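Asker: Copying in the features that TrEMBL gives for the protein in this structure:
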| type | residues | note |
| --- | --- | --- |
| TRANSMEM | 25-47 | transmembrane segment |
| TRANSMEM | 53-73 | transmembrane segment |
| TRANSMEM | 146-167 | transmembrane segment |
| TRANSMEM | 200-225 | transmembrane segment |
| DOMAIN | 299-384 | domain 'SH3' |
Amino acid sequence: MGTFCSVIKFENLQELKRLCHWGPVIALGVIAICSTMAMIDSVLWYWPLHTTGGSVNFIMLINWTVMILYNYFNAMFVGPGFVPLGWKPENSQDSMYLQYCKVCQAYKAPRSHHCRKCNRCVMKMDHHCPWINNCCGYQNHASFTLFLLLAPLGCIHAAFIFVMTMYTQLYNRLSFGWNTVKIDMSAARRDPLPVLPFGLAAFAATLFALGLALGTTIAVGMLFFTQMKIILRNKTSIESWIEEKAKDRIQYYQLDEVFVFPYDMGSQWKNFKQVFTWSGVPEGDGLEWPIREGCHPYSLTVRYKVIEDYSGACCPLNKGIKTFFTSPCTEEPRIRLQKGEFILATRGLRYWLYGDKILDDSFVEGVSRIRGWFPRNCVEKCPCDAETDQAPDGEKKNR
């Protein structure tokens, strides 16, 4: 009941504007077409309500529709949860590991990312979904995943109704040439006859709805399996990409390291419970997260100290031939470095790193930073981070 109230109790009426977007319009349109046609086909031409099976079938169709819409609107209007404006970690020393968002005027909590569409830092951001016109994250990850599960199941039921409706209505009108096949069609005979005949318009509408149902089953079903895969590993789509890049880099450069994702609890059931709970409220507060034993809470961010000046050139000749020819092919900027400055690296290549330059080493709230690429040979890992044996993107060295 509490979850239901959270759906209908919007923070303000501006949330209703989320419906005025091509994503929700198409999604709700598909749901409306498939549900409506399934009920019409079932009642008028396939399974009448005066039979027990027809009544149960009709109730199941309504049940699918209600559950799909419930989780859809829950994911849309409850939202992912945003990092509070002006947020900073309780321990001021932790701010050195966190990026500062100038838009939100707050530090980015672990696992959070700034969404340009929502214009807020999203807690445990997975991705921005155009179909719900909102982000998928900490608070609505469970509802979004349940929607991805229920939508294909409801479409499979609807597709069965569509196929059986067309088959039973066209059975006595078309010759399929199945002389050796004997099918008892007594259940398909309606007495009295349907109020509306199954004409060309009904056939076209049913065929169109069948195409939508099958397409939705395949497309949304694939998204569901993708989401469950990362949920069972306690990751998000963004973190899964970071892990993949880190492992590829270790393999490519043949480094003597093993990637250890700090938020994987070591058990699929424990990871599952991080998202799905009986109360409907995910574990934690979206700002602090339990980590795996032996891992550092900020292992996805590493602090480096500048040991050589760097002019910010796109392809610097004075940093080595390999650095020159492996300059990242991206529009992201390069940042000028001076010896003694500090950098927070979040990702990187063999000869380049990407991160934030801290302009003031006091690490106080509101310190501005400059973000971009810089040569790896211009910096060295700070001793305080070397003690954790963590490399960029959460890599952990073997001993």
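Every residue, even glycine, has its Cβ placed from backbone N, Cα and C.
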Asker: Determine which residues of the chain contact the transmembrane segment (25-47) at the Cβ level, with the cut-off under 8 Å and only residues 6 or more beyond its ends counted.
Answerer: 19, 53-54, 57-58, 61-62, 64-65, 68-69, 72, 131-132, 151, 154-155, 157-158, 161-162, 164-165, 168-169, 188, 190, 194-196, 198, 202, 205-206, 208-209, 212-213, 216
Asker: Looking at the domain 'SH3' (299-384) alone, can you tell me the average pLDDT?
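Answerer: Value for the domain 'SH3' (299-384), mean pLDDT as a whole number: 76.
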